[in-house]
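S.K.: Once you've had a glance at the structure underneath, I'll fire off some questions.
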Amino acid sequence: MTDLPDNTRWQLWIVAFGFFMQSLDTTIVNTALPSMAQSLGESPLHMHMVIVSYVLTVAVMLPASGWLADKVGVRNIFFTAIVLFTLGSLFCALSGTLNELLLARALQGVGGAMMVPVGRLTVMKIVPREQYMAAMTFVTLPGQVGPLLGPALGGLLVEYASWHWIFLINIPVGIIGAIATLMLMPNYTMQTRRFDLSGFLLLAIGMAVLTLALDGSKGTGLSPLAITGLVAVGVVALVLYLLHARNNNRALFSLKLFRTRTFSLGLAGSFAGRIGSGMLPFMTPVFLQIGLGFSPFHAGLMMIPMVLGSMGMKRIVVQVVNRFGYRRVLVATTLGLSLVTLLFMTTALLGWYYVLPFVLFLQGMVNSTRFSSMNTLTLKDLPDNLASSGNSLLSMIMQLSMSIGVTIAGLLLGLFGSQHVSVDSGTTQTVFMYTWLSMAFIIALPAFIFARVPNDTHQNVAISRRKRSAQ
């Protein structure tokens, strides 16, 4: 890294700032949701859509980001991503209704979807291959700091200013990043194949309408007939994509990917697994504030041990997987995460608040081990010519499953509770207890998928550096 030219190091800093903005925004909102609900005159049970609108937009737009960067140029697309993200942040802060906020979050999601993958592509183009891993470690480090600062910073801003400031802080950073991108980043382009627009639209429609239908009549205000229509449209769109992709070498995601058994199992497990674990970052600060009466800042601080546990476990997860094999690790961490979820609920309802940081630290460790294992299992056996496509599909599924998880968590709260819940009441705690029990059950279900993974430790080693560089 030290022998890189000055202009290359500046370009890496620009990418790192983009990673930081995107990762900070995924966590800073969570602790502000109850305050947003009060300010906008909405029930806290509806606020999960603030997260879903962002994450679902990222999932929908991800497949197009790499192609756009190759076609239009990495500088142009990265600049556009920062501008859209910054404008979305401004519109979020100016929103006076929930619907306005959801539209602004979707605009943020378009920028966020392009920022991270185009940033990775930029690093691949400006850094020699032998220094790629060191450069990626450098630019992704701020992305790890973002989730650490996000909850506490969000709580601090909400408690001592207002929720609008969790979006306003993005504006000066975004302006500086946009100017620096235009001045310092080269506009690399590559010859591209024809973009599969038909496949992209079919997948986008299928994902969006099915997630919207899952929110139910209470969340969307739609009639049962309209929701049934959405489900039908979504299913038809996905079936049409499968027919479109069959024997189509130019399909957005080739069906040849699923001939690799570990990819199929890993992708199915990642989808189901992240539905369950995607509920936790949303539900935990909401439960701490509405169910237990914590202040926004205190609730944000309570999330830090979970992030620390996750970061600490990444250092040894490869050794753990190589020692015990993917099947044992994934089944154990899936069931373990379910048990830790129950332990958190029990500890909180008993009033043992001093134990909660240790439980959340353990939750972060278990979750991190499972995430890393799921990712490497999914990609490790793919042939080199399918590695990039498989990585893109996995990234899309990760975002989609998290949006579905948050949607289901909001649906569970709506099923067990009324439209308005009061802070720190017995009824509210009962609602959260039933919701948490349901979440623990959902989190445990992917163990049935992971139990089918071959348990040959020598074959199921962590993904090689050669394949990582090919993605």
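Cβ from N, Cα, C; glycine included.
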S.K.: Based on Swiss-Prot, are Leu98 and Phe371 on matching sides of the membrane?
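M.R.: Phe371 and Leu98, as annotated in Swiss-Prot, occupy the same side of the membrane (identical topological domain).
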S.K.: Pairs of Cβ atoms less than 8 Å apart decide it: which stretch in 77-97, 165-185, 263-283 has the most with the transmembrane segment (138-158)?
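M.R.: By Cβ pairs under 8 Å, 165-185 leads among 77-97, 165-185, 263-283.
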S.K.: Looking only at the topological domain 'Periplasmic' (307-341), what is the model's average confidence as pLDDT?
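M.R.: Taking every residue in the topological domain 'Periplasmic' (307-341) and averaging pLDDT yields 88.
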S.K.: Please identify the stretch among 12-32, 77-97, 165-185, 431-451 with the greatest number of Cβ pairs below 8 Å relative to the transmembrane segment (286-306).
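M.R.: The stretch I would name here is 12-32.
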S.K.: Which residues of the same chain, at least 6 past either end of the topological domain 'Periplasmic' (70-76), have a Cβ under 8 Å from a Cβ in it?
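M.R.: Sequence-remote neighbours of the topological domain 'Periplasmic' (70-76) are 118, 121-122, 125, 181-182, 185-192, 195.
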S.K.: Could you check whether the transmembrane segment (49-69) packs against the transmembrane segment (396-416) - three or more CB pairs closer than 8 Å, residues at least 6 apart in sequence?
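M.R.: Result for the transmembrane segment (49-69) with the transmembrane segment (396-416) is yes.
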